[in-house]
Amino acid sequence: MAVELGHFALVLALALSIVQATVPLVGARVKSYQLMRVGETVAIAGFLLILVSFTTLVHGYIVSDFSILNVWENSHSAKPMLFKITGTWGNHEGSMLLWVMILAFFAAMVAVFGRNLPPSLRANVIAVQGMVAVAFLLFILFTSNPFTRIIPAPIEGKDLNPLLQDIGLAIHPPLLYLGYVGFSISFSFAVAALIEGRIDAAWARWVRPWTLLAWAFLTGGIAMGSYWAYYELGWGGFWFWDPVENASFLPWLAGTALLHSAIVMEKRSALKIWTVLLAILTFSLSLMGTFLVRSGVLTSVHAFATDPARGVFILIILLLFIGGSLALFGLRASSLTSGGLFHPISREGALVLNNLILSTCTATVLIGTLYPLLIEALTGEKISVGAPFFNLTFIPLVVPLLLAVPFGPLLAWKRGDLLGAAQRLQFAFGAVLVVMIGTYFFSDKTSTAAALGLGLGFWLIFGALTDIAFKAGVGKNSLSVVFSRLKGLPLSVFGTAFAHAGIGLTVIGLVSVTTLQIERIVLMKPNDVVEAGGYTLKFSGVTPFKGPNFTEDQARFDLTGPDGRRLGEIAAAKRLYPARGMPTTEAGIRTFGLSQLYVSIGEATPNGLVVHAWWKPRVTLIWIGALVMMFGGGLSLCDRRLRVGAPTRRKTAVEAEA
Amino acid sequence: MTRKQKRATIIAIGMCFLAVAAALTFFALGQQTSYFYMPADVIAKPVAPGQRIRLGGLVEKGSIERMDGTHVKFAVTDGEHTVKVGYEGILPDLFREEQGVVTEGTFGPDGLFVADSVLAKHDENYMPREVADGLKEKGVWQESEGGSKNGG
């Protein structure tokens, strides 16, 4: 019965979305305040209905109701409760329901927090959001209904893919979707502005916090997914340039560009047309990502089931929204007047450079991702574009951007002083030189790439510190004045510094692992010893272990540190999930400071067990950097100037000085 | 500089950057993509040693040989032809005889395909798509191949 309730709520939500997509639009057209207000009520009600529907499905998973096809296919009564719940979005139908729920959530947020938006803009935004909801609710109800029953109900479920039975996967999809789908707000704002044919700095002030929120979630979602792949797949890799990973990385790149161009628009009324286009493109890339992942054109752990009808349906949605919004853009963009002039060497100029490079990077990653699909469609030949392509194109393109980052915040609006900025950065530069020389001479492998790469990471961090120090007047003022000025700095200045320093941390992690990691593949018999990064692993044997819904063979290793101290045991395992007859590899990971020792085992041969051990120096910085970026985004969100509806304080300490 | 000159400078710099990016992309697409081959394709149009390709098919029954250390050899077949593959490292969890596999690497001068990555399925319902398509073309694909093994 509850299941039918959930199904019914979903159908009702579709009906409301149709109202949401049309009535406020008409209201804005005929300037009827009543009609415009309908959108808000409907958006909130629609979200609540989808929430009910989602909760019913979660309930079905919790009580293991195998009369629901979706639950039967993806759950098992012996599965731990946490994974029963998270299994709700570990499959195609459930994850699409989560997708739509988050979409409706954002529409409801606009309805609740957008009270002081101009009424017609708010009505249009909610209507556009409603259109996207209609499309995806239709998609769910017609091709991916999670509430389909099976009669008679089986006694036991088929279990969730064991790779997905993991805490990382509990968090990764919701975070990722909050990011992905969060960009729908920027999209709706852009389309609403085009419908109105009017756009100003206030528009950018509205769009920026939403974009920032989505961006921070997406950053976390991508980092979580990467960490999951790292420890769960047992290959020791954290990023494979897999098309599915690219599908989430593309909106991130475009969203990062959007974040920066919106600043120019807000502060200087310039780059209006470009910002609107970028807002459309960012969400289009999110939609394309959904298509790539959900249509089954790619095979990966994300492509749960392949059903051509679904692919075609999403493709139609994709063409409708991207085509429609771009056509509207073509028609209306010329009516948006562009504003403020600026010198190439200025804050605006730096942000334009950021946008130029980020959008070029987006384009190359997009080409690399779609090229194999295109070639296969045209010639039938199957090719793969892998990591070498992306490393060769993306890295050289993004390095100039990272080199330029510390200069940006130090340049003044309108006309900046490059020499002055360079002088302020001289301490940062000196510190970086010390780091590079130190790395070159003292790291275990004398690697030029490591020295240069670590230098780049520290350059970003020291650059961010320089920016704060300069704005607080370190060196020019007494300590107490510096402190009071630090307190007076807007939070967004710290947000910028943290986000930029976060990139630096991630770069340090990436460079350390790729250039300095130590890898060992050996055959081991009990009491054999392997050494990596100064740590010694002594194989003590294999013991069987029985978990709630799996059995495993644990290989245990005694760990000895570089100083000869015993550090306990590391266990790596081969696990078997009998419900699916599926084996998985469980890596043994031990963290030392920022670095990790990573052990994974292969099959047992007559000559011993295949053991793959890595020493991964500073690997955790890759994800810590992402967390710092998220934190920076959060700080900026708390900034009074960005807070939606807060009265704007135009003159702040920084701007007064600049 | 006049306004026009400033604008021209910005556009010129932008164009240069885009040109570099385009050149890099084309170069990398030419150099760094690897084509997918089934064993029969390798016989039909031989691959030069050192050229990176992906080789897919089924792991031939009884062909898995453990060499010294962690070195392993196996044969990839499409029902008609087979190609010998050498690999060093941990084989994926679902690497088994008569199961679909995609290996990536280059042919050595002795005709042995040296793989640096071996991908099997990561779910018992899933066969690497290229392999499935290739096998369908050869007519050795059975729909039941991907069916689930448990009785429920």
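Here, residue 1 is simply the first one shown, and the rest follow in order.
Heads up, the Cβ atoms here are built off N, Cα and C, so glycines get one too.
Some features that TrEMBL has for this protein:
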- A:6-30: transmembrane segment (TRANSMEM)
- A:89-295: domain 'Cytochrome c assembly protein' (DOMAIN)
- A:96-114: transmembrane segment (TRANSMEM)
- A:121-142: transmembrane segment (TRANSMEM)
- A:175-195: transmembrane segment (TRANSMEM)
- A:207-229: transmembrane segment (TRANSMEM)
- A:273-292: transmembrane segment (TRANSMEM)
- A:312-331: transmembrane segment (TRANSMEM)
- A:315-640: domain 'Cytochrome c-type biogenesis protein CcmF C-terminal' (DOMAIN)
- A:352-374: transmembrane segment (TRANSMEM)
- A:394-413: transmembrane segment (TRANSMEM)
- A:449-470: transmembrane segment (TRANSMEM)
- A:491-518: transmembrane segment (TRANSMEM)
- A:620-638: transmembrane segment (TRANSMEM)
Chain residues outside the transmembrane segment (A:175-195) and at least six past its termini with a C-beta under 8 angstroms from it: 25, 28, 95, 98-99, 102-103, 106, 109-110, 121, 124-129, 132, 203, 206-207, 210-211, 213-222, 224-225, 248, 251-252, 255, 258, 275-277, 279-280, 282-284, 286, 289-290, 325, 328-329, 331-333, 336
Chain residues outside the transmembrane segment (A:96-114) and at least six past its termini with a C-beta under 8 angstroms from it: 10, 13, 17, 20, 39-41, 43-44, 46-47, 50-51, 53-54, 57, 88-89, 122, 125-126, 129-130, 132-133, 136-137, 139-140, 144, 146, 173-174, 177-178, 180-182, 184-185, 188, 206, 210, 290, 294, 644-645
Contact between the transmembrane segment (A:394-413) and the transmembrane segment (A:620-638) (3 or more Cβ pairs under 8 Å, separation 6+): no
Tertiary contacts of the transmembrane segment (A:352-374), as residues 6+ beyond its ends and Cβ separation under 8 Å: 241, 243, 246-247, 249-250, 253-254, 256-257, 260-261, 264, 271, 274, 278, 285, 292, 297, 382-385, 389-390, 393-394, 397-398, 400-401, 404-405, 408
Intrachain residues whose Cβ lies under 8 Å of the transmembrane segment (A:273-292), provided they are six or more past its termini: 99, 180-181, 183-184, 186-187, 189-191, 193-194, 199, 204, 207, 211, 243-244, 247-248, 250-251, 254-255, 257-258, 261-262, 264-265, 298, 311, 314-315, 317-318, 321-322, 325-326, 329, 333, 336, 338, 355, 359, 362, 366, 369
Contact set, same chain, for the transmembrane segment (A:449-470): CB under 8 Å, 6 or more residues outside the stretch: 399, 402-403, 405-407, 409-410, 424-425, 427-429, 431-433, 435-437, 439-440, 443, 486, 489, 493-494, 496-498, 500-501, 503-508, 510-512, 514-516
Integer average pLDDT (0 to 100) for the domain 'Cytochrome c assembly protein' (A:89-295): 91
